[in-house]
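Colleague: The following block contains the structure, expressed as C-alpha cells.
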Amino acid sequence: GDLISLAKQSDLPVKKVQTWFRHRRAKDQPTLMKKFCEASWRFTFYFTSFFSGLALLYDKPWFWDHNMCWLRFPQQPLLPALGWFYLLELSFYCSLVATLPFDVKRKDFKEQIIHHIATITLIFVSYCANLIRFGMIVMLVHDASDYILELAKMLHYMKWKWVCEAVFIVFAVVFIISRLVIFPLITYYYFVAKFQLFLISCLINTFLMILQLLHIFWSYLIIQMIFGVILHGAKRKDARSDTEESDRSEAEDLAKKK
C-alpha cells in the first residue's frame, strides 16, 4: 500500500519505486572492497601475531614442558619482548570492541562482543597475575585458526572458489583441533583442575567456560555448513558471514550483471 501511494505521488510505476528503494538499501551495505580490506588487515595481524608468538617462545623451556612441572611454579618472568606482545594483543582486541559497530555486521555480532570481552579479561588477568604461560597459550590458540579464516574470506571475495573451499576446510580442521581439543585440555583442565580454588582461579574459570561455549557454538556452525555443502550442494557461506540483507543485495547485483 505504501509503495502504491508513493508511486501515485511521484507519478512512477510501482516497479521503479521498488527498484529505487532496493538501490538505496544497497548503498548502505558494505562494498566488496571494504570487506576485502577488513579481512586483509585482520589476516595480516593474526598471521604476524601467531608466528611472532611462536618465535618468542621456541626457546622457553617452561612453555614446552609437557611434564607440567611448571604447575608448581605457575608464575613466569615477563620478559620485555613478551610484555610488548601482551600489549599488542590487548590493544588489538580492545580496538576490535571499539570498531565493531562500524565494521561489517555479522550474524554473530553479540557472540563476538562476548568473545572479545572474555579474551581481553583473560589476557589482562594473566598479565597482572604474571601467569605468562597461560596467557600466551590463550592468545596463540586463538590466533592459530583466525588468520586462515581471514585468508578464506579474501579468496571468497576474489571469487577463487576452489582455493577458498580448500582453505576453509583447513581452517575448520585447525579451528576444531585448537578450540575443542588443545584449548580445553591445556588451559581448562591443567590450569583450573590443578590449582586451588581462589578468586583469580574462579574468574579465569568463568571466562574460560564462556570461551569454550562460544567455540562449541562456532564449531557447530562450521560443521553444519560443511555438511550442507557436501550433502546438499548448498552454496558455501562463512560461518561468520555477513548479514542476510547484505548477501541478498549482492546476489541482486550479480543477477543484474548477468
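Glycine residues also receive a Cβ, built from the backbone N, Cα and C atoms like all the rest.
According to TrEMBL, the protein has these features:
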- 1-31: domain 'Homeobox' (DOMAIN)
- 3-32: DNA-binding region (DNA_BIND)
- 34-231: domain 'TLC' (DOMAIN)
- 39-58: transmembrane segment (TRANSMEM)
- 78-102: transmembrane segment (TRANSMEM)
- 114-140: transmembrane segment (TRANSMEM)
- 160-182: transmembrane segment (TRANSMEM)
- 189-211: transmembrane segment (TRANSMEM)
- 217-234: transmembrane segment (TRANSMEM)
- 238-258: region 'Disordered' (REGION)
- 239-258: compositional bias 'Basic and acidic residues' (COMPBIAS)
Colleague: Short question: which residues 6 or more past the ends of the transmembrane segment (114-140) have a Cβ under 8 Å from it?
Modeller: 49-50, 53-54, 57, 62-63, 70, 74-78, 82, 85-86, 89-90, 93-94, 96-97, 100, 183, 186-187, 191, 200, 203-204, 207-208, 210-211, 214
Colleague: Compute the average pLDDT of the predicted model within the domain 'Homeobox' (1-31).
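Modeller: Residues in the domain 'Homeobox' (1-31) carry a mean pLDDT of 72 in this prediction.
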